[in-house]
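Colleague: The structure is given below, and queries will be raised subsequently.
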Amino acid sequence: MSMSKPLTMKPSRSIAADAVLDIRGLCVDYGVDDNAVRAVRDVSLTLRRGEVLGLAGESGSGKSTLAYGLARLLPPPGVISAGEVIYSPPDGEPVDVLTLAPLALRAFRWAETSIVFQGAMNSLNPVHKVSTQLIDVIAAHSPGMSRRAMLDRARELLTMVGIAPDRLHAYPHQLSGGMRQRVMIGMALALEPKIVIMDEPTTALDVVMQRQILRQIVELRERFGFSVLFITHDLSLLVEFSDRIAIMYGGRIVEEAPAALLYRDALHPYSHGLLHSFPALRGPRRELAGIPGSPPDLQAMPSGCSFHPRCPRRFDPCAVDIPVLGSPADRVREARTVACWLHPAGGAID
Amino acid sequence: MRFFLRRFAFYVFTAWAAITINFFIPRLIPGDPVSALVAGMRGQITSDQIQSLTVLFGLDKHESVWMQYVDYLEQLSHGDLGISFGNFPLPVTSVLASALPWTLLLIGVTTIISFAIGTLLGIVVGWRRGSWLDGLLPVTTFLSSIPYFWLGLIAVSVVTYAGYFLPISGGYDPGLVPSWNLEFIGNAIEHGLLPAITIVVASVGGWLLSMRNMMVTVTAEDYVTVAHAKGLSERRVVMGYAARNALLPSVSGFGMALGLVVGGTFLVEYVFSYPGIGLQMLQAIARHDYPLIQGIFLVVTLAVLAANFLADIAYLALDPRTRKEG
């Protein structure tokens, strides 16, 4: 299959830079006592209206925990120990998702923020028809709607993601993996949310299906203008179709930059390592280099920069002090932040 | 539908196999019923009587085993299970007919109650995993690990100590004649209470434990997280997503348990002298009452098969993945 048509979408950086979701100082722990493991450390991240924000990192870097945390879906013993998640609806007062009362939280879920999960195979309940699972979310949020109208809406959603409407009454096991993930994407858009979180939505699918699904997400995003928080370990995927990319390591954001900028000129040695562990589809050949070592043990984090034991460019301060995420003094005119002693912060960034 | 017919054919075959085994096994046991009966009469029997008994039991014909088998099947098709030695000259069918309702009602009702209570508690305990409700588990497990006869005897002694507020033996007061009037039914229920309570106490733990474990497994499934993320009410998440799927393995277990209801529970009926199938079975064994033993085996086998068939159908209705396409 030809991959000639680039997946890149029109740059939406020109869209007003107002935040739809503002994560401030979020910390997530697993466990509550002395053995608690901090999986997300003081993460601040802003998702702007209509943009695709990529979140990349190795397994165990805390990227999925971050997503579950901000949606308050952490399985026990996960607890949010600090921070705020401010959601700003297009019309209305900003709210802190983390302090919503149960009823308000239920109303917020899916209607404002929907999630497409990692497991394409297990996200649908095997004993209920696709129609039942599409309809119950509509029924939960708009109780007054007639069943006929809900069925029509469900059909419309299926058509939107390229599935024949006659599959509405199929059971999940009668659909292929790709179709199931399309159903999940259609379901995520059922209530026209402002934010869609995608947690490795294409991981369980083959490469061809990955492309098709990504293209579909891109089209739907252009049509409906929702913001996407796209989580993946596949940085090359993000470079192609996200506006900005944040790199996570050991529970922290270590670098955040516009996608093209990060691709051209990654500042953090970890980002650099991630970028160079995937072959590019286009462009000149280059040497592939992995990152030596393995992700840090969250129970025994290294001192200073948590990446320093694996870092090829470490020097004196790395093992001592934790670098703070800030805009690097050597790239003042670029809208980016990094947490690395090679590029110490010049100006304070909020 | 094809699946349904295939299962049905399988059960018909199994039933035939069970009947055949049921026919041959007693014939492999040495001795014959007449000598057993004669021994029971301690010589108070004339040779003419022995001769007539031999004719009555059909042992005079010296037929081939094959012919006996054909006769047996033919009798079965008329619902004729022979004559009980122990309750001579009552036919086995009427002995069964008088014992079965007691067992069906007592054990059947308590099995359903125990399944319902155990499963509901299992849903709650599994859903609220990690709360104080987890303390229920060791308690119910302890109760089901007590040997039943001991639990029964404790119940009997507690009730008698406190002053006979519940009858402790039999199915009804000896003075009453079984009939469908309020007095008799009330009396029968009163007699059933103590055995019923002990059965529920002893068996609820098993249902609770298996349901709770399945709930814990299912709650970790992605579709349950998705159901939460969809903003569904907690009730809908539990009933439509978690418990709905966790129930599947319990359905098979419940079908099995229902099938075994017919066999009664020897210990329950023995401890409480309850006039059901279990007690009949014990007596039949003590009296070498082969036709009755055979009859009880047959009824139990057929009941287990029927219950399994029903469980299969229920599973078919509950889990679409078991339905064949086309």
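Including glycine, each Cβ sits where the backbone N, Cα and C put it.
What TrEMBL records for this protein is below:
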DOMAIN    B:100-311  domain 'ABC transmembrane type-1'
TRANSMEM  B:7-25  transmembrane segment
TRANSMEM  B:99-127  transmembrane segment
TRANSMEM  B:148-168  transmembrane segment
TRANSMEM  B:188-209  transmembrane segment
TRANSMEM  B:246-272  transmembrane segment
TRANSMEM  B:292-318  transmembrane segment
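Walk me through where these features lie, including what they touch and how far apart they are.
Modeller: Within its own chain, the transmembrane segment (B:148-168) has Cβ neighbours under 8 Å at 190-191, 193-195, 197-198, 201-202, 265, 267-268, 270-272, counting only residues six or more beyond its boundaries.
Within the same chain, residues 100, 103-104, 106-108, 111, 115, 119, 122-123, 126, 148-149, 152-153, 156, 168-170, 194-195, 198-199, 207, 210-211, 214-215, 217-218, 278-279, 281-282, 296, 299-300, 303-308, 310-312, 314-315, 318-319 sit at least 6 positions outside the transmembrane segment (B:246-272) and bring their C-beta atoms closer than 8 Å to a C-beta of that stretch.
Sequence-distant contacts of the transmembrane segment (B:292-318) (same chain, six or more residues past either end, CB-CB distance under 8 Å): 3-4, 7-8, 11, 14-15, 18-19, 22, 26, 76, 81-82, 84-87, 92-93, 95-96, 100, 247-248, 251-252, 254-256, 258-263, 277, 280-281, 284-285.
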Colleague: Where else in the chain does the transmembrane segment (B:7-25) make close Cβ contacts, counting only residues six or more beyond its ends and a cut-off under 8 Å?
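Modeller: Distant Cβ neighbours of the transmembrane segment (B:7-25) are 68-69, 72-73, 76, 294, 297-298, 301-302, 305-306, 308-309, 312.
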Colleague: Mind checking which residues reach the transmembrane segment (B:99-127)? Cβ under 8 Å, same chain, six or more beyond either end.
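Modeller: Here the qualifying positions are 133-134, 136-137, 140, 171, 192, 195-196, 199-200, 203-216, 219, 238, 242-243, 246-247, 250, 254, 257-258, 261-262, 264-265, 268-269, 274-280, 299.
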Colleague: Give the nonlocal contacts of the transmembrane segment (B:188-209) in its own chain as ranges (CB under 8 Å, at least six residues past its ends).
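Modeller: Those are 105-107, 109-111, 113-115, 117-119, 121-122, 125, 136-137, 140-146, 148, 151-152, 155-156, 159, 166-168, 170-173, 250, 253, 265, 268-269, 271-272, 274, in sequence order.
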